[in-house]
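S.K.: Sharing a structure with you now.
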Amino acid sequence: MTDVTLKALAAERQVSVDRLVQQFADAGIRKSADDSVSAQEKQTLLAHLNREAVSGPDKLTLQRKTRSTLNIPGTGGKSKSVQIEVRKKRTFVKRDPQEAERLAAEEQAQREAEEQARREAEEQAKREAQQKAEREAAEQAKREAAEKAKREAAEKDKVSNQQTDDMTKTAQAEKARRENEAAELKRKAEEEARRKLEEEARRVAEEARRMAEENKWTATPEPVEDTSDYHVTTSQHARQAEDENDREVEGGRGRGRNAKAARPAKKGKHAESKADREEARAAVRGGKGGKRKGSSLQQGFQKPAQAVNRDVVIGETITVGELANKMAVKGSQVIKAMMKLGAMATINQVIDQETAQLVAEEMGHKVILRRENELEEAVMSDRDTGAAAEPRAPVVTIMGHVDHGKTSLLDYIRSTKVASGEAGGITQHIGAYHVETDNGMITFLDTPGHAAFTSMRARGAQATDIVVLVVAADDGVMPQTIEAIQHAKAAGVPVVVAVNKIDKPEADPDRVKNELSQYGILPEEWGGESQFVHVSAKAGTGIDELLDAILLQAEVLELKAVRKGMASGAVIESFLDKGRGPVATVLVREGTLHKGDIVLCGFEYGRVRAMRNELGQEVLEAGPSIPVEILGLSGVPAAGDEVTVVRDEKKAREVALYRQGKFREVKLARQQKSKLENMFANMTEGEVHEVNIVLKADVQGSVEAISDSLLKLSTDEVKVKIIGSGVGGITETDATLAAASNAILVGFNVRADASARKVIESESLDLRYYSVIYNLIDEVKAAMSGMLSPELKQQIIGLAEVRDVFKSPKFGAIAGCMVTEGTIKRHNPIRVLRDNVVIYEGELESLRRFKDDVNEVRNGMECGIGVKNYNDVRVGDMIEVFEIIEIQRTIA
């Protein structure tokens, strides 16, 4: 028999290599997968396996089942039989010889310890008894000597003072009695201590003996509990309870009539009682054809005194009913606990993991959070990455305020004209470019500066190594400049400041330094860490110094990445191309991305069918810090998602589908959560006007930025609702959705196709195209302003002073007035002021001048005024006439 490798032997035996290695280890032979196995080693392994096969089982389980019948009296004198089945199961574990020897040694040591403790206790008791006897003898001698001296003294003083002698004797007797009592108590305490010591030693020995007997290998099953006496015992308990109840009732009746004390109940199993007599009489009646029985049963279950704390396993989402089942409580208790925490839910509602954890911990249970992404972790861990890290190019993000010259600066570096291609001259999505310089390669990310693109700038700061903060020398620090500083600090990346537009006459770079120093950006000449470079994107001055500063900062950072192996990176931007499908701009962080790789990207997956660089040229691979556009994904990924190359497309699809389902569950759980503080907002929701919008844009980042900006415009009276959003042109489905929801169709750098235009014309939908985000936001603001209810404002048009008061049978009190300001008009609302305090507000009913009804009276003229439903007009009052005007409100 020739030697074979362990792998070949495993294949021959049809077992795994790891299993065979373990079997060799159990047989005392250490082998690895590539080692050879000799014939002698095979014989050793075979003998070991045979020994394991013939050895008896390690466990022996005995099961016993007993059945009995219990008769229970029912209503109407009828009884019913209940079948009772008692199942018992006992498992005996076989001990190995070493374990048996160890237990025997422990038992022997326990017996020796017990014997030693008993001997020590006896010796201690003897010593204490001897010491006690000696103390008692000494005390007895002292007492006898004292008594003798007292007797002699008493005989001498007996004649002189009999009364004093009696008192002395009494005191001495009392003292002797107390001493005797103290000695007796001490003796009892010593005996009690000795008795406790012996009992403790005996208890320890008994416990050790019992444990040794339980651990022995024995096939004797435990005795089956005899249930034949069950009915007798139950009936006896019931009779005792009934007798006790009768005694309490009779004792309560007899308290007010000097009743005799109740006699104690008879002890013993066969004690006669009222229940026994009634049961005997019932048996006699039953023999004569009666159907009643006097026996009764009593339930012996007692409610647990304290709550049971359980380990509750909670997944990422769980319903209220499932959570209640895991805690073994009713669903109403869980709902009550959630209401105490401020959340309302139904029993079938899905809640998120954090809420379920709070509820379970509030109810006193221990929470175990279960991770449901084992498959995802397995796919991510099964990646082949190289070990050696090599230097890589820095990723530089250009940030700053809008119109401060970021894209123009990058244009000069790339010697291209990208800014002219941007709508309105402003950047509206991230551009990724890499340029070759004399000192090395640099990858640039150009971010938008408009306020709406906050999330884009945050993404750019997270994916970058160095931030170039562009500040216009004539404009200074602006809001988006401050925001860019905050993003850079949050991402923990160094900042290089490029002071742009230095060629302008009004440029003031020192002011820029002073303003930036207030936000923690200090130049190196002031003792800070940030490099300041004066540049001009138009003239090209300072560009070389800026590139040198970037490369110097990158050299300080010592940027390295693994160049070989499976790639990983981040999505910078994504969009839907009509001819190519979903397109994602990916920045590779480590590894090398090849054409044909299987990538997992957020909720999407796919095989890389094509790769293009920023110039639109086809490339076959992309290393670290290289931005590329990839085609072949199953859908448009979200900007900011992680891109990972995996081995298996099937597993990638499973992970993507799992992520989609998990995202949907968590989203539903958060949507359904309705807290108490939002209850009144939900009640008044029907009174709020809504502007429904269906949004389509060219890239994912623009959709995200526009959605955030529009949702921030919502007020308490008018809310913006994004009914649907997506990347790509406006389709027939989008138009149908807008028609069904009465929404406005908004296209940002996209157009509607022919089928969508037909639906838009037939349904008369409002379709708007935009290429600049400013115009879109302004028009939505105008539409929302039209839905606002107008503001009502009171404007005083006249003031009259009461000079005299007349009585009219038709109108009551008529005020004779002089108009002091403005004009008094009929049927306008008025206020009556007395000492500049409003005492009545109503309507002007009658206005006359020289007994003629007039519509208005001008300043400086007299008139008679009748106030509707008011007669308490006095001389000196002022009558103020006003009108209510409406002012159209706008959204700021």
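Every residue gets a Cβ built from N, Cα and C, even glycine.
Residues or ranges marked as region 'Disordered' by Swiss-Prot: 88-305. If you look up Swiss-Prot, you'll see 93-159, 166-216, 270-282 marked as compositional bias 'Basic and acidic residues'. Annotation source Swiss-Prot lists compositional bias 'Basic residues' at 254-269. Positions annotated as domain 'tr-type G' by Swiss-Prot: 391-560. The feature region 'G1' is assigned by Swiss-Prot to 400-407, with similarity to another entry given as support. If you look up Swiss-Prot, you'll see 400-407, 446-450, 500-503 marked as GTP binding site, on the strength of similarity to another entry. What Swiss-Prot lists as region 'G2' is 425-429. As annotated by Swiss-Prot, region 'G3' applies to 446-449. The region 'G4' annotation in Swiss-Prot covers 500-503.
Quick one: how deep are these features, and who are their neighbours?
M.R.: The DSSP breakdown of the compositional bias 'Basic and acidic residues' (93-159) into helical (H, G, I), extended (E, B) and coil residues amounts to 61 helix, 1 strand, 5 coil.
For the region 'G1' (400-407), residue counts in helix, strand and coil come to 2 helix, 1 strand, 5 coil, using DSSP.
Under a cutoff of 8 A between CB atoms, and with a sequence separation of 6+ in the same chain, the neighbours of ILE502 (GTP binding site) are ALA473, PRO509, HIS534, VAL535, SER536, THR541, GLY542.
Averaged across the region 'G3' (446-449), pLDDT in this predicted model comes to 59.
With DSSP classes pooled into helix, strand and coil, the tally for the region 'G4' (500-503) is 0 helix, 1 strand, 3 coil.
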S.K.: Within 10 Å of the Cβ of ASP403 (GTP binding site), how many other Cβ atoms can you find? Include all protein chains, please.
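M.R.: Around ASP403 (GTP binding site), other Cβ atoms within 10 Å: 16.
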